[in-house]
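*Asks:* From TrEMBL, here are the annotated features:
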{"type": "ACT_SITE", "residues": "ASP220", "note": "active site"}
{"type": "ACT_SITE", "residues": "GLU238", "note": "active site"}
{"type": "ACT_SITE", "residues": "GLU239", "note": "active site"}
{"type": "BINDING", "residues": "ASN223, GLN237, TYR278", "note": "substrate binding site"}
{"type": "DOMAIN", "residues": "84-163", "note": "domain 'PARG helical'"}
{"type": "DOMAIN", "residues": "189-457", "note": "domain 'PARG catalytic Macro'"}
Amino acid sequence: MENREDLNSILPYLPLVIRSSSLYWPPRVVEALKAMSEGPSHSRVDSGEVLSQAISDMRRSLSFSTLEPSASHGYAFLFDELINEKESKRWFDEIIPALARLLLQFPSLLEVHFQNADNIVSGIKTGLRLLDSQQPGIVFLSQELIGALLACSFFCLFPDDNRGAFMKVIVKILPAEYHNSSTAAPDTDFWSKSDVSLCAFKVHSFGLIEDQPDNALEVDFANKYFGGGSLSRGCVQEEIRFMINPELIAGMLFLPRMDDNEAIEIVGAERFSCYTGYASSFRFAGEYIDKKAMDPFKRRRTRIVAIDALCALKMRHFKDICLLREINKALCGFLNCSKSWQHQNIFIDEGDKEIQLARNDRDSGPLRTETTALHGTPLNDVEINREKPANNLIRDFYVEGVHCEDNEDDGVATGNWGCGVFGGDPELKATIQWLAASQTRRPFISYYTFGVEALQNLDQVTKWIISHKWTVGDLWIMMLEYSAQRLYKQTNLGFFSWLLPSLATTNKAVQSP
């Protein structure tokens, strides 16, 4: 056990010690957890103030620093003031003991994880480890182990310099030009020459991405640091998703900051909460029972992709280099993983030369780190078969017998990614995501406008474009031309009104008194 590179990379960020090839809690921590596991009659932990004292004692036993005053006050405020007496009592009688029992199992859960890590997928390492930028790999985590990691976070039992708290994740990477690699990310010429047909476009003026009914890939409007402000003061789209699907928080421990050519896909996250509001009005609205079907890995059929948008002054978003960055980021995120979680290649033609944009080996990517929470017994070795390459685009390596059966529904559910404080233009961002979804052969994109006025004609515009059989290249070229005119102040129209002048006339007529 001591010689495992994966364990040694993550151990400094965990509260356990290793001796004689076994993982342990220090004896005094075991004593405290056992007392809490038997309820307040044994532990005397029956209030937030006493709980913070017990946690401080455990941290001292682990040679950690003293619990921050803000954390101590937080426990006291939550359990002694914020929630009612009945709910507080349920926490100390039932929930705290259950969490303590789970933490007592943490060393054995982690040992079993590493014992199985080399046997899940033949020839591929799947053990928990820190992932560096541009690093390929696959990580499988059981849901129970994720729960133990989150319990460590709740009890403030991570070392002071740890990176956060964990989950089931895929990191997908397009090679960047600055890598020491023979590959290159798609350039403007590639997008201009694309003859791929545009996929279907469904517009939803109301509703939420997480409630989409089609088993589509759900977009997380992410921070480049996975989870953003989920463990601090953030409470917008990404943070809300992490609150209602708390297993996502686990990925914050071992995932690096995303580069421009990286995306993170999370497979099988279970939803536990309902909510109302947004930002300062966000409120918990009761328990949510996740009834989504299971896939062959016994995970929920939920796939969430985290892609971070460019944050810049609004006019900068019209520059070619920024448009290219955003469309390649979306392309990376939308690469289809529902048919084969294992490997996927994308090829493009550049003159007579076929450039491989994604490989599964360590020297060039797109890489995918799949950290997968299994809701059942881990899989045995899986055989991998190569599928014939699709014309000009995607080559999948299918995992025999385990690819998802919802291939007809593996579109993309998204919305106003990178708009708002990030400065993005809603019309361009909708178009960019449509182009990327189409290029990756997604069958449709479900777009939730959240009532943004600039997108009131989105349905009309997309239907017109599809009726004229435009390709990805056609629409990309028009978007470049429009963006150049905006940069040089040759037009003040929105993209859709510029594209279809009749819309501008109609909008002016509607606004007239």
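Using N, Cα and C of the backbone, Cβ positions are placed for all residues, glycine too.
Can you tell me where each of these features sits in this structure?
*Replies:* Taking a C-beta cut-off of under 8 Å and a sequence gap of six or more, ASP220 (active site) has these contacts in its own chain: GLN237, GLU238, ARG241, ILE266, ILE304, VAL305, ALA306, ILE307.
Every protein chain shown contributes to the tally, and the Cβ of GLU238 (active site) ends up with 22 other Cβ atoms within 10 Å.
GLU239 (active site) has a Cβ environment of 19 other Cβ atoms inside 10 Å.
For TYR278 (substrate binding site), applying a Cβ distance below 8 Å and a minimum sequence separation of six or more within one chain yields CYS235, VAL236, ILE240.
Across the domain 'PARG helical' (84-163), DSSP assigns 44 helix, 6 strand, 30 coil.
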*Asks:* Please compare the binding-site residues ASN223, GLN237 by how many other CB atoms fall within 10 Å of each one's CB, and tell me which has the fewest.
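*Replies:* Ranked by other Cβ atoms within 10 Å, the binding-site residues ASN223, GLN237 bottom out at ASN223.
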*Asks:* Looking only at C-alpha atoms, tell me how far GLU239 (active site) is from ASN223 (substrate binding site), rounded to the nearest Å.
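*Replies:* Roughly 10 Å, rounded to the nearest whole number.
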*Asks:* Could you tell me the mean pLDDT the prediction assigns to the domain 'PARG catalytic Macro' (189-457)?
*Replies:* 77
